[in-house]
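Q: To start, I am sharing the structure in question, which I have written as structure tokens.
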């Protein structure tokens with residue numbers, strides 16, 4: 001019941017995805033061969049959200065793995081949980097997209113897309129009542145961004161009434177993997193604004209910061225970063241997979257967090273994040289979790305929520321706790337930091353409580369916020385885009401695949417519109433008069 005089909009595209013998407021299935025399998029007591037080795041009926045009660053039960057009681061992930069080159073797939077297949085996936089669900093090309101959005105979206109990716117859609121259709125048909133799709137991908141590369149957005153557009157046509165959610169790794173301000181990131185990201189955002197229901201924005205730099213500052217890791221690897229992403233992904237879907245006192249599903253998250261259809265880019269955070277050495281010195285309480293998950297240092301995207309205001313937010317708690325306490329804390333956060341929440345949406349925090357904590361913790365909370373501060377990220381990418389596009393730098397790689405200049409201009413203006421929409425709602429007040437107070441407050445930050 002209420003199944004989710006998981007799609008991972010490109011290198012980044014597949015690496016996060018592989019880690020995600022480790023985390024989920026761990027929570028549900030499924031071992032790397034797909035056999036159930038858990039100790040509690042609760043693990044099996046709704047295991048079919050993410051798993052198909054095959055013959056002989058084997059649990060197979062509802063996952064579709066796509067890439068335009070075989071490398072990452074082979075690594076996933078050789079990895080610890082590689083034998084878990086259905087071999088037919090690995091769909092890959094041989095050429096690679098070479099960090100080129102146009103290759104992923106128009107040429108190489110377009111050739112592969114039909115076989116991907118067949119596999120996705122196959123997964124969707126084996127569902128009782130498909131709730132939606134979740135995709136992990138990056139926006140800076142070629143396959144995850146180009147082919148990922150192509151697939152999103154195609155699925156949108158075919159399943160218009162199902163939730164489409166993405167976990168998108170955006171280019172970070174200081175750490176850049178690719179010179180043409182701004183192009184790829186802007187072209188992707190152009191698609192994502194129109195075709196997805198909810199996008200969780202992550203970025204490597206913020207994840208590195210969490211690893212350094214909070215987890216006190218001296219040399220964080222991509223494995224550590226991906227693990228952080230996965231705890232969030234697991235938290236967002238926990239109340240679908242385990243019984244809870246206050247449930248939420250993908251649709252509820254969307255309804256409660258998106259006041260205007262285009263503004264569906266969320267920041268995510270997770271608590272408790274403590275370094276390995278200092279865990280035993282901290283009490284895990286609901287106030288502590290709430291305080292930590294609203295903390296700017298815990299946001300997994302390089303935009304500071306203190307520079308904007310929250311339109312809406314949602315806290316998903318896991319573990320045994322009193323719902324009364326959760327409600328009190330939510331109210332507390334809103335009254336204490338009222339200037340960080342727009343006043344024209346009263347009670348704009350949604351809470352949910354799921355009884356089963358993640359492995360190794362007594363309780364945890366996942367934070368999802370729709371903050372106007374996320375415009376910082378779009379603004380930054382947009383500026384880099386404009387700087388390169390002004391000089392038509394690197395453009396021949398894209399036009400060579402049949403793209404038109406117009407598409408770039410459109411994507412650029414769509415991104416700028418998005419930024420100004422966020423800005424407009426950040427400044428709006430309940431009585432809709434230009435509040436001088438608000439403007440001054442914005443300058444002080």
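In case you wondered, yes, glycine gets a Cβ from its N, Cα and C as well.
Below are the features I grabbed from Swiss-Prot:
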BINDING   11, 69, 138, 142, 143, 144, 204, 226  GTP binding site
BINDING   69  Mg(2+) binding site
REGION    417-445  region 'Disordered'
COMPBIAS  429-445  compositional bias 'Acidic residues'
Q: Is it possible to get the count of other C-beta atoms within 10 angstroms of the C-beta of residue 11 (GTP binding site)?
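A: There are 25 such Cβ atoms around residue 11 (GTP binding site).
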Q: Sorted by position, what residues of the same chain at least six away from residue 138 (GTP binding site) have a C-beta under 8 A from it?
A: 10, 11, 12, 13, 144, 145, 168, 169, 170
Q: Among all chains shown, work out which of the binding-site residues 142, 144 has the most CB atoms within 10 A of its CB.
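A: Going through 142, 144 one by one, the largest Cβ count within 10 Å is at 144.
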Q: Should residue 143 (GTP binding site) be counted as helix, strand, or coil on the basis of DSSP?
A: helix
Q: Which site among 143, 204, 226 has the most other CB atoms no more than 10 Å from its CB, taking these as binding-site residues?
A: 143
Q: Tell me the coarse DSSP state (helix, strand, coil) of residue 204 (GTP binding site).
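A: SS state of residue 204 (GTP binding site) = helix.
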Q: For residue 226 (GTP binding site), which DSSP three-state class applies?
A: helix
Q: Below 8 Å Cβ to Cβ and six or more residues apart, same chain only. Which residues does that give for residue 69 (GTP binding site)?
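A: Non-local contacts for residue 69 (GTP binding site): 92, 93, 94, 95, 96, 97, 143.
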Q: For residue 11 (GTP binding site), what is the secondary structure by DSSP, using just helix, strand and coil?
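A: The three-state answer is helix.
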Q: Greatest CA-CA distance (Å) over the residues 11, 69, 138, 142, 143, 144, 204, 226 that the record ties to GTP?
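A: Farthest-apart Cα atoms in 11, 69, 138, 142, 143, 144, 204, 226 are separated by 23 Å.
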